[in-house]
Structures are given as structure tokens and as C-alpha cells.
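According to Swiss-Prot, the protein has these features:
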ACT_SITE  D158  active site, proton acceptor
BINDING   Q33, E108, D140, G141, P165  S-methyl-5'-thioadenosine binding site
BINDING   H64, D88, D158, C159, T160, D161  spermidine binding site
DOMAIN    5-238  domain 'PABS'
Amino acid sequence: MAENTMWHETLHDQFGQYFAVDNVLYHEKTDHQDLIIFENAAFGRVMALDGVVQTTERDEFIYHEMMTHVPLLAHGHAKHVLIIGGGDGAMLREVTRHKNVETITMVEIDAGVVSFCRQYLPNHNAGSYDDPRFTLVIDDGVNFVNQTHQTFDVIISDCTDPIGPGESLFTSAFYEGCKRCLNPGGIFVAQNGVCFLQQDEALDSHRKLSHYFSDVGFYQAAIPTYYGGIMTFAWATNNDALRHLSSEIIQARFHAAGLKCRYYNPAIHAAAFALPQYLHDALSAQ
């Protein structure tokens with residue numbers, strides 16, 4: 001792709017978003033995905049896989065703070081965390097901010113994503129790959145959760161959309177494997193698309209997760225470059241109380257963790273679980 005051209009996202013056929021490409025930093029088709037990273041004056045460095053925006057320097061903090069701090073602070077004493085995907089390192093960066101976490105395992109299917117992001121998205125990983133608690137496993141996420149002997153307190157599925165390599169991370173086999181390696185009272189979260197445009201994705205995840213967890217729901221955040229509205233995150237656990245903790249408990253845990261965030265705060269934590277009526281209606285109808 002030439003510089004000073006427009007890059008158009010291909011996630012939707014009838015509409016979408018575009019970015020002016022000021023400078024192409026990297027573009028290569030790996031064994032699994034077509035990766036590109038370019039610079040844009042408004043959003044900084046932009047990474048896309050198979051024609052779909054995955055992250056930008058400008059707004060990535062919203063996604064990663066909400067995917068990390070909501071489950072970790074709701075759990076309250078997570079020691080062992082599993083990240084599925086997350087090769088850009090930003091999810092890892094946020095998990096490492098929790099000093100009580102003892103081990104962080106990241107399973108990424110494509111080693112090329114990790115090496116590429118270490119070089120071209122240094123602000124995302126911010127040196128977190130060098131944290132002594134971190135272990136990188138190059139493997140398919142479904143295979144890992146169904147074969148590992150490790151168990152975890154929190155599992156974060158930082159998956160792509162359910163097409164191509166990311167499709168397997170929306171299957172019953174994956175969700176069953178996650179339940180298998182979650183400790184009692186553990187929490188599973190996953191990105192679940194923009195529900196206004198991808199409602200079937202949320203409904204499908206809810207239906208499948210409900211076979212394995214007693215408390216299944218969603219929480220949300222507004223992320224500008226995930227086009228089409230509010231981003232939805234799946235939530236699943238067998239400890240029904242964790243989704244309904246008081247603001248005082250979350251505030252105390254947030255203060256004890258010493259976190260300084262740009263988007264997440266205890267009030268956002270509670271409000272994020274309030275869902276639009278159209279999603280409630282769709283969930284009730286299935």
C-alpha cells in the first residue's frame with residue numbers, strides 16, 4: 001500500500017470507516033493473517049489484521065483497561081491469569097499493573113504478530129514482555145485450554161472477530177476448555193463485537209457460554225475505532241456474586257491496587273454492566 005492513500009476497513013459490506021495512510025511501517029501476509037501497521041495523524045499507529053482494525057495508539061487504552069481491570073478487580077485475588085491472543089502486548093501491559101498476580105500466560109497462535117508488535121507497537125506493550133511473571137505460548141487457543149494442566153483465576157480472550165483464525169475462539173469447544181482450566185470462582189471475559197451491528201455474535205456467545213457457566217452476561221465500553229457503537233464484552237463465571245459487587249468493594253480494591261487509569265474507574269465498572277434494551281430483548285427472545 002502506498003503512502004498518502006486511504007485504507008478502508010472491510011468488516012462490513014455496505015458501510016465502514018477509512019484512515020488516511022501517512023506512512024506504512026509494516027505490511028506482510030503471514031501463515032495465518034494479513035498484517036499491516038501504518039501511521040495516521042489522528043490515531044497514531046494503526047494495526048489491522050485481514051482488513052479489520054485491531055488497535056490504534058489513540059484509543060487502545062479503553063479496550064485494554066476494560067478487558068483487564070473489570071475481571072481482575074471483580075475477582076479480587078487473582079493470582080494466575082491467562083490471555084488468549086493479545087499479541088500486541090497491551091493486555092499484558094495492563095495485567096502486569098496488578099502486583100498480586102503471580103503468573104501471566106499468553107497464548108498466541110501467530111509468533112509473527114508478537115515479534116511485529118514488539119518492534120512496531122512499543123507503546124502498547126511498554127516493556128511488559130520482559131516481566132518475569134510472563135510466559136508466551138505459541139499455540140492454538142482451543143488446543144491450549146483443552147490440553148493444559150495449568151489452572152487460572154481469570155481468562156481474557158483477546159480474540160479477533162469470528163472469521164478466519166479467530167473463529168475457533170467463539171466455539172463451544174473453546175468455552176468448555178476455558179471452564180475446564182478456570183479455578184473455582186474464576187472469571188472468563190472476551191471481546192464480543194459491536195452489538196448494534198453484530199448482535200448475532202453476542203447471542204451466540206451467550207447461548208454457548210450458558211452451557212458451562214451459571215452467570216453469563218455482558219459489559220460495554222465506547223471505543224471510537226471499533227466502528228458502529230458500543231463495544232460488547234462477554235462475561236462468564238460460576239460465582240454469581242462477582243458481577244454485583246458494591247461500588248465500595250470495587251473502590252477499595254481499585255485504591256489498594258494503586259491503579260491510575262485513563263478510562264476505567266469504579267463508577268465505570270458498575271455502569272458498564274447496564275445494557276441497552278434491544279440487547280435485553282434479544283437475549284430474552286432466544
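Keep in mind that glycine also has a Cβ here, set from the backbone N, Cα and C atoms.
Structural mapping of features recorded in Swiss-Prot.
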| residue | record | DSSP class |
| --- | --- | --- |
| Q33 | S-methyl-5'-thioadenosine binding site | coil |
| H64 | spermidine binding site | helix |
| D88 | spermidine binding site | coil |
| E108 | S-methyl-5'-thioadenosine binding site | strand |
| D140 | S-methyl-5'-thioadenosine binding site | coil |
| D158 | active site, proton acceptor | strand |
Integer Cα-Cα distance in angstrom, H64 (spermidine binding site) to E108 (S-methyl-5'-thioadenosine binding site): 16
C159 (spermidine binding site) CB neighbourhood, other CB atoms within 10 A: 20
Other C-beta atoms that fall within 10 angstroms of the C-beta of G141 (S-methyl-5'-thioadenosine binding site): 26
D88 (spermidine binding site) and D158 (active site, proton acceptor), distance between Cα atoms, whole Å: 10
Spatial separation of C159 (spermidine binding site) from E108 (S-methyl-5'-thioadenosine binding site) - C-alpha basis, Å: 10
Confidence summary for the domain 'PABS' (5-238), mean pLDDT rounded: 92
Local Cβ density at D88 (spermidine binding site) - other Cβ atoms counted within 10 Å: 26
Other CB atoms within 10 A, centred on H64 (spermidine binding site): 25
